[in-house]
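> Can you read through this structure? Questions will come right after.
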Amino acid sequence: MDFQCRTCSQAYDAEQMMKHLSSTRHKTVFDTSNDEDICCEECQDKNIHQLQIIRFGGEDMVLLCNSCFRKEYSETERPSTSYSLQNGSILKFWEKYVKVRECCCDECGEESNLNANRNGEVLCDKCLPKSNRAKDFVSEKSGRFLYIYLGLNETQNSTRKPRKKGGRRVGRGKKGRKGAKIKKEKKETFEAKISRIAYEVKKENSTIQSSSSSNLRNFKGFKAVESDPVVAAKVSKSETSRSNPGPSNRNKGKGNKANHKKNSGNGIGKEKERKTNIRNNVRNSQPIPEDRKNTNSHVTTNSGGKGKNESVDKHQLPQPKALNGNGSGSTNTTGLKKGKKDHAGQKTKGNDKTGNKNPREAKLNSAGRKNALGKKSNNQPNKGTSRWTIGSDTESSREPSISPNENTTSITKSRNRNKKASKPTLNEKSKTTTMPKKLETKNQEKNNGKTKDGKLIYEEGEPLTRYNTFKSTLSYPDLNTYLNDYSFALFLEQKLENEFVQNFNILWPRNEKDTAFIINVEKNNNSELEKLLPANLLALGRPAFNERQPFFFCTQDEQKVWYIFIKELSIQRGKYVLLVELFSWNNLSLPTKNGSSQFKLLPTSAQTSRILFAMTRITNPKFIDLLLGQKPIKEIYFDNRLKFSSDKLNRSQKTAVEHVLNNSITILQGPPGTGKTSTIEEIIIQVIERFHAFPILCVAASNIAIDNIAEKIMENRPQIKILRILSKKKEQQYSDDHPLGEICLHNIVYKNLSPDMQVVANKTRRGEMISKSEDTKFYKEKNRVTNKVVSQSQIIFTTNIAAGGRELKVIKECPVVIMDEATQSSEASTLVPLSLPGIRNFVFVGDEKQLSSFSNIPQLETSLFERVLSNGTYKNPLMLDTQYRMHPKISEFPIKKIYNGELKDGVTDEQKAWPGVQHPLFFYQCDLGPESRVRSTQRDIVGFTYENKHECVEIVKIIQILMLDKKVPLEEIGVITPYSAQRDLLSDILTKNVVINPKQISMQQEYDEIELFNAAGSQGTAGSLQNNVINIINGLHVATVDSFQGHEKSFIIFSCVRNNTENKIGFLRDKRRLNVALTRAKHGLIVVGNKNVLRKGDPLWKDYITYLEEQEVIFTDLTAY
């Protein structure tokens, strides 16, 4: 007999269903064989936890809830035999109960005065005399009826048990029982139908497929035991051999005398065999009691899943001393105290005899004691993985020896070029930017890339020295290799931002093939957990963990990493009990012979969590081929004879629209000002009108790119249902007064909330405390409104990472996805929209000749757009070939030198001329003031950036000329510079200037949070020197080049900053950064800098200075302008 859980729709047999209900606390069960819900005969209560089947000796069986049972029977009248979920028998006896309930005469159907024999035959008193075997039947009045009818064992005192009031209950069977069949459902309303479908779709879209059948109730394991130095060496040797490629070596090492006992679970010392489950494990490991919390798990189980293959971790490379999130007073990630020198790959002496009582402290305080996981493996990495040359952060190190991979194609990116500027941490509450401290000594950093106090040196726009060379992989042999590679890159990034969790205990699985294990974490007075949640959420009792939450699980030296997620959790005796499972792409098996102190947990940011979840949802074969980069992408060219909505589209734009309609994957190159927004608008209109397919999802890495498209659609197509979804941090910037305010989801939801819930919403916006009941009611009503609005939208605009939020889980399928600024989207973040359900067409729109995203981990900078073009799987990418933004004098050099003449002007000099401006392209020679170095310190990283006060003074003069002489509004002027320090210095000077800011209005900041790595508020990362901030002074925009990508202004002033005797220009050498800087202006571009330094700093700059000299637009004073 099969049963189905009404809450999660999972179907099991009786035994498995009872385990499921006990662990999840789901309440309602459906009997699929009899087509009915299990409920109380009296009140129809369906809560399985309150129900029990009661047997009155051999007389009758009834199904009652606890409340009805207490009402009907007193203590002395209550029978001793009952079957409930608590004693694990209610579903086992359900079939017998149904048999008794349905019992009637086989001849006439009478339900009363019955008699039964051991063959299961039933006759009433009237029909019994007609049978020739009447003597074999027993009457229901004898008290032995059920023993004979059901074949139960009859005990000696069975007749002494309490008798049921009124005898056996009738009227429950086929002739109309009172509460057996489920009540007739009321007709489902439209609102209820939407809610039901939304819930089912959300649950499906939130599921992580599981390969383990373990849950908290049935888990059988043993406590991870710390090893002594002698045994640790043996385990280390065993683990090393286990990690070698080839047949599984899991059972090797069991021949050790210390471990020679059969089925010794932990494999360390003389531990006895532990035949336990989670309820009777070692007492001090906090066993799981029965009263579990309702976890409502959405992790489906494939009980036939196979164990993981034994293979070497491709990332087992000798690592330098890594940053630790515990601050300056913490131990580093290799387990050495700060101040100790750690030579990569070098063995140091040490043992456990340190005098520390805590084994974890003994390990962390040992001077480089070898991790019990074993020696560093010299195995080569798996095929298809990215290769790293890791720069040393210590005085002495060695490079890892890695053999080239013959089956993959690689390109090498120089980390001294093509690098975006890093981002400073932004305090959202502050209206002004804090100026970094001046550098006290010029040569302070010349100490092997460190300051005197041992902090890492980082120059803005340059990579950390440990990742100075990176070889990216253009193709992968299989999806698991691909996912493993990017998971490790995410781990490297996250450990620069987040702090490790060290205090926990592990229960390893006894089954070698199981991929799940248990982690116990103290709930109370745990400072590590207090850092994971804001104070207001802690006050509401929100747990620090949640189901499906991913983590990085690694050894103390970070040489081995496992990627895990929480399958199920509960809170037991003041501890979080986490049943975690390996993601399916893990290469390493569980290290079940090692103690808890040898590992640490790294929490992930919300962005990284969504990426890892997206990795579990990539199932579309076409997209898998796209990611692996081995098969050519099919391209179909067909003239659809479309009727375009606009007659202003050029030929390249029309071709692009037709290509999208004919192909599942489209790569569209869109140089600056070529009408990408107009092309995307036409694609959306054609998809809706021709295919009636919606919702169409439009995503990008930045909000500005999304807003440009949304504003155009909103203005030109008011009849289309448009929705703009923002991250929580951005919602306050998009009020009703914003141009897009009326289509923003949070504003629409607020207007549709009840008055009481609007009050609660206002409290949460102000950061005020609310009660738990208010929080619950608000969450339910907000979800209901959100589901309805999202389900009815035709076009949804959001960022890549926000596309993985809970709002879009309600969408059953998303037929068309358009990604704008695809080169600014890291490949990791691209996986989020790529993994959405039901995608038929995916459109990448970008320009590989402009800046990509920035990350401290080089692999996370490359976009999927770039990699697809580099590996040659997309043979003929389309390109929009006509620019309409820039004055031809401004666009001439980028067209020739950067776009190789493939781009052309769609405007004339006359169309882009500004009254009174004779030189639309103007270079102002500014060589009198040298650059200054500025330092910003965060945690263990010292970042350097640059400013030039003399250039700032001259730029103020230029702005005044544009304002007063050329009549250019401040809103049409933008000042851009490569360096954040120059941006901040300029902003400070302009804010105090009485001509430019006569009313002394405070500076405003417009920021677009970096949705993936180095987000605003992250501390201690090199990339946090500069985020996507635009300072606005009385309408005038001041920004870095990187943050101004995607923007345009009538006039742009470009401050180059660099002026030194060494002719060094840093990341100004980046061809893409120069391209962005030169292509932001529509009517006039003014470049301020020292032509001599720029000319000698880079070949491309030399060409540009030569071009400017040929055009005779280099001036030493401003009178010519």
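The backbone N, Cα and C atoms fix where each Cβ goes, glycine too.
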> Select, from SER211, SER392, SER932, the one residue given the annotation phosphoserine by Swiss-Prot.
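So the answer, going by Swiss-Prot, is SER392.
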> If I look at Swiss-Prot, which residue among THR465, THR473, THR679 would I find recorded as phosphothreonine?
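Among THR465, THR473, THR679, the one Swiss-Prot marks as phosphothreonine is THR465.
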> Given the candidates SER195, SER227, SER702, specify the residue that Swiss-Prot annotates with phosphoserine.
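SER227, according to Swiss-Prot.
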> So what sits near GLY675 (ATP binding site) in its own chain, CB-to-CB under 8 Å and at least six residues off in sequence?
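Sequence-distant Cβ neighbours: LEU649, ASN650, GLN653, LEU880, THR882, TYR884.
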> Including all protein chains displayed, how many Cβ atoms other than that of GLY673 (ATP binding site) lie within 10 Å of its Cβ?
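So the number of other Cβ atoms within 10 Å of GLY673 (ATP binding site) is 21.
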> Look up LYS676 (ATP binding site) in the DSSP assignment and reduce it to helix, strand or coil.
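For LYS676 (ATP binding site) - judged by DSSP and reduced to three states - the answer is helix.
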> Which residues in the same chain, at least 6 apart in sequence, have a Cβ under 8 Å from the Cβ of PRO672 (ATP binding site)?
ASP847, GLN850, GLN883, ARG885, MET886, PRO894, ASN1075, VAL1076, THR1079, ARG1080
> Fewest other Cβ atoms within 10 Å: which of the binding-site residues GLY670, PRO671 wins that one? Let me know.
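Least crowded of the binding-site residues GLY670, PRO671, by Cβ count within 10 Å, is PRO671.
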> So if I draw a 10 Å sphere around the Cβ of LYS676 (ATP binding site), how many other Cβ atoms end up inside it?
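Its Cβ shell of radius 10 Å holds 24 other Cβ atoms.
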> Which of the three DSSP states, helix, strand or coil, fits GLY670 (ATP binding site)?
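Looking at the DSSP assignment, GLY670 (ATP binding site) belongs to neither helix nor strand, so coil.
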> Quick one: which residues besides GLY670, PRO671, PRO672, GLY673, THR674, GLY675, LYS676, THR677 have a Cβ within 8 Å of the ATP site's Cβ centroid, in sequence order?
THR679, ASP847, LEU880, GLN883, TYR884, ARG885
> By a 10 A CB contact count over all chains shown, which of the binding-site residues listed here is most packed: THR674, THR677?
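Of the binding-site residues THR674, THR677, the most buried by Cβ count within 10 Å is THR674.
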